[in-house]
Amino acid sequence: MLLLKDVWVVDPGQKLSSPQSVLVKEGKILAMASTMSEEEVHSQAQEETIETINGEGKFLFPGLIDVHTHLREPGQEDKEDILSGSRAAVRGGFTTILAMANTQPVIDKRALAEFVRLQGVRAGYAQVLPIGTVTKGMQGEELVEMADMKEGGVAAFSDDGKNIQNGEVMRLALEYAKLTGLPIISHCEDKYLAGDGFMRRGIAAGRMGLKGIPASAESVIVSRDLILAEETGGKLHLAHISTAESVDLIRRAKARGVNVSAEVNPHHLIFCDEDIHLTDTSLKVNPPLSSKEDRAALIDGLRDGTIDMIATDHAPHTQAEKARPFAEAPFGIASLETALSAVYQHLVLTGKLTWERVIEAWSYLPAQRFGLKGGTLTPGSAADMVLFDPAYQEVIEPGNLVSKARNTPFLGQTLQGFPVMVWVGGRLVQENRRVL
Ligand SMILES: NC(=O)N[C@@H](CC(=O)O)C(=O)O
Ligand SMILES: [Zn+2]
């Protein structure tokens, strides 16, 4: 039995943000109270021994749930595998991650989904839930066997990495996915408008002489998918929203009652196109970093709930690939181990977002929208928990990272505020920044 004493609990699912004492027994939250006398604790514990952790000055919140993580297994294990990725997850405060389907081969069959799920179980860190592709071979043409894939454990369907260009295929996907109750996650990018650009079209791209991707490449497809979700009633989730125009479209669709949710990635909230340098590919990502005005609209959208959740889009790549010239390096930022601290430091400490909203957006709402267990510390729920020390500082160095990837813009920088203990189902998996 575990007692976390005098810890500041942030649990939006219970509308709670206050000092509490929390009792954990047999992998579950047993009780929580603002004051707990010795007698009460002992009566709950009965004969058991009690391990007490003093939580003063720290936060406790439900483990984060990341709905957009690329783990690269099967097929590209030199970038990341399910073991290294799920270790990186718990180091960063994530207890459940949804693994994107753009592996090699892509996850378009039940057996493949089961493989990903089982590799997650074998690893024994964060819970790994597979995402299946929407179309066979991720070719954008023929739908996968959705009901069968659900039996195999997929939590959603997505051709992420690619957009489904054919509107009729997207309409059918939204229609058929209703039978499973699972969302279709859309990577909104019109490939013809995006062309072969490397960063957001605008003044910064012009100054560097880099070919730009217009904001419309995203918003045209956001618009199409919102219309199709409205027509079909299908459950739509929009990945990595990055422009003011998209936020506006989603806001208006939600006002009409469209069945849509949206996510934003930490890098789009923290950086903008002006931060990109030709000699540093760590900020080369898709969708590209947008303008300062877009960034402000994304933060506003997250504050008012137009954008429901935060997701990392952890996209690990090898150093050799990222060392190529800007135009040739792959798109993607590895972020599981830095994302929460970066958001805490750059958005919470600066007063742009409340800590409560961040936890709601990264734990409670992902659980609600994707129909997952977790996302709250309500008594009876699994003890997937994060103890977060707001004063803990760490230099982001290759030697500290447990992910195989090093493609983070924070390399060499000091971040403040880190998970210092993480439990999955009551089992301690990270302590003092070391994965156990
Ligand atoms: N975001 C990225 O820049 N890259 C992702 C693909 C994706 O999420 O679209 C990847 O798989 O590397
Ligand atoms: Zn994507």
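Every residue gets a Cβ built from N, Cα and C, even glycine.
TrEMBL names His70, Leu71, Arg72, Asn102, Asn286, Phe331, Gly332 for binding substrate. Of His317, His346, the residue it gives for the same site is His317. Annotated Zn(2+) 1-binding residues in TrEMBL are His68, His70, Asp313, and among Asp160, Asp190, Asp196 the one listed with them is Asp160.
Following the DSSP three-state reduction, the secondary structure of His68 (Zn(2+) 1 binding site) is strand. Within 10 Å of the Cα of Asn286 (substrate binding site), the following binding-site residues from the list His68, His70, Asp160, His240 place their own Cα: His240.
A mean pLDDT of 98 is what the model gives for the domain 'Amidohydrolase-related' (59-429). For the Zn(2+) 1 site, the Cβ centre of His68, His70, Asp160, Asp313 serves as reference, and the other residues of the chain with Cβ at most 8 Å from it are Thr69, Met100, Gly161, Ala239, His240, Ala311, Thr312, His314, Ala315. Checking the binding-site residues His68, His70, Leu71, Phe331, Gly332 against ligand 2, not one has its Cβ under 6 Å from it.
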